[in-house]
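Shown next, in structure tokens, is the structure this report addresses.
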Amino acid sequence: MKDKCGIVGIHSKNSSIDVSSSIYYGLHALQHRGQESAGIATFNSDNINEDTYGDKNGLNHHCGMGLLIDAFKGDIINELNGEVGIGHVRYSTTGQSKFENSQPFVTTFNDFSIAIAHNGDIINSGRLRRELIAEGVEFTSDTDSEILCHLIKREFLKTSDMIETLENVSNIIMGSYSLVILVNGDLYAVRDPAAMKPLAIAEKDDTFIVASETVAFDVIGAKFIRDFKPGEIIYFKDNKINSHIISKADKTKNSHCMFEYVYFARPDSTIDGKNVYQVRLNIGHALFDKFPIDADVVMPVPDSSIPAAIGYSRASGIPYGEGLIKNRYVGRTFIMPTQEERELAVKLKMNPLVSELKGKKIVLVDDSIVRGTTSESLIEIIREAGAKEIHLMIGCPPVIAPCYYGVAMASKDELIAANNSVEEIKEKLGVDSLGYISVDDLVDSIGIPAEELCLGCINENYPTEIPSDLEVESYYKF
Ligand code: AMP
């Protein structure tokens, strides 16, 4: 089970401030990063009340399945008051979806409680799990976060020092990780030495906030301070930002995930100094430069490709228009085992605007093609609506290999571009032309040198070695 998600951590400088509702709203802004489950853990030093497990250690903890609004029904959020806390939204993959895998993961020992929330994939987790089991650890979930929790506990019992503990753990684990960790009332936030996943820090009045994306700061009115550096641990001793760089970071090259810019992050976020909306506009411009089509209208596959479609329209002068209306209330509430049901699901989610499509030459922009099933259904819908020509422009180079670091793409045999040429994909999808952005143009659009990006899924050049027993997962489409 992998962990690809959104995380928030808040430290307040004074114990009368309650952080639980700010964590909740911050997580709301990160809901796009995960809809499978949500959870919050806080620590309240003034009121060492019983936690969910009946322990009196100041820790309050609640997790629930589904969207935040489902996971935190009624008055639960008010029962989680504390001056420091962390939160998590979990992403849906075709792996097992169960309550035990929701985060933050919490453990207590001696006088300590640890809560941890994780975004990323620990790629040697299989071996680490087996080792911990051999040491007598009993696991209650399938998550990497539980492994991290036990490793932290083990190393902390040896060192009694969290920085030393996190240094030791970073030498044991491989993969991507942005973490928020609550050790009693102390908040630690960590970005892996390759800085694969985003993590940033902001400030508001008497609180410090860390979050996966800057949109979480906007919603609570916090002022962005900066992105975490690669391998940076930030903690808040004496109510100040204290920073420590994990020694391994010296020997590790930056590998920021390019897919955050292409699809995963919200367009109104800025990651590592690059505004996601601007990157997507650039992608649209680059697509027009390479594939200038003479068309009547440029249309996005809503929502993620809207900025790229606007970019194409601005560069070409071809009007931007809508041709597919998205039903925003179709969540991933059901799994469709048959092809017929999957087709129905696409129709449920996207309805064509016949008046805008009929007889038109269309440039259709999408952020990426992974398995190709979505594009195939959408092209069929647009054809049925009477479009004269469909030119499909894709804002991500062909996805030819799995992601092992937290973006559940799919296995190689499921990836359409791993098994077909662009010409073959064009034929399969039934489009008049198909244009994929090139790797160089994508890199230029992002504005970060290729050497500092992870492009593993599009060039198979992975930033770490890949254990042979690693399994990959696909995402749920609905
Ligand atoms: P498909 O080609 O049918 O697998 O679907 C591709 C579409 O799914 C893309 O246009 C994105 O909008 C979306 N998508 C791509 N990658 C992911 C992912 N890892 N998780 C969720 N949705 C994704």
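Glycine is no exception: its Cβ is also placed from the backbone N, Cα and C atoms.
Heads up, TrEMBL stuff is auto-annotated, nobody curated it.
Long-range neighbours of CYS5 (active site, nucleophile) (same chain, six or more residues apart, CB within less than 8 Å of its CB): ARG33, GLY34, HIS88, VAL89, ARG90, TYR91, GLN103, ALA117, HIS118, ASN119, SER212. Under the heading active site, nucleophile, TrEMBL lists CYS5.
Counted within 10 Å of its Cβ, the other Cβ atoms near CYS403 ([4Fe-4S] cluster binding site) come to 24, all protein chains included. Summarising the annotation, TrEMBL assigns [4Fe-4S] cluster binding site to CYS257, CYS403, CYS454, CYS457.
Secondary structure at SER304 (Mg(2+) binding site), taken from DSSP and collapsed to helix, strand or coil, is coil. Within 10 Å of the C-beta atom of SER304 (Mg(2+) binding site) sit 20 other C-beta atoms, taking all shown protein chains into account. Annotation source TrEMBL lists Mg(2+) binding site at SER304, ASP366, ASP367.
Taken from TrEMBL, the feature domain 'Glutamine amidotransferase type-2' covers 5-239.
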Remark   = Close to ligand 1, in the sense of Cβ under 6 Å, among CYS5, CYS257, ASP366, CYS403, CYS454 as recorded positions, are ASP366
Query = Got a sec? Which of these binding-site residues, ASP366, ASP367, has the most Cβ atoms within 10 Å?
reply = ASP367
Message = Roughly how many Å lie between the Cα atoms of SER304 (Mg(2+) binding site) and CYS257 ([4Fe-4S] cluster binding site), rounded to a whole value?
response = 17
Ask   = How big is the gap, in Å, between the Cα of CYS454 ([4Fe-4S] cluster binding site) and that of ASP367 (Mg(2+) binding site), rounded to a whole number?
value = 17
Separation of alpha carbons, CYS457 ([4Fe-4S] cluster binding site) and ASP367 (Mg(2+) binding site) (Å) = 14
Request  = Just jot down the residues in the same chain as CYS257 ([4Fe-4S] cluster binding site), at least 6 apart in sequence, with C-beta under 8 A of its C-beta; none if empty.
outcome  = SER176, MET196, LYS197, PHE264, TYR405, GLY406, VAL407, LEU453, CYS454
Remark   = Taking only the CA atoms, the spacing between ASP366 (Mg(2+) binding site) and CYS403 ([4Fe-4S] cluster binding site), expressed in whole angstrom, is 20
Query = Averaged over the whole of the domain 'Glutamine amidotransferase type-2' (5-239), what is the pLDDT?
reply = 92
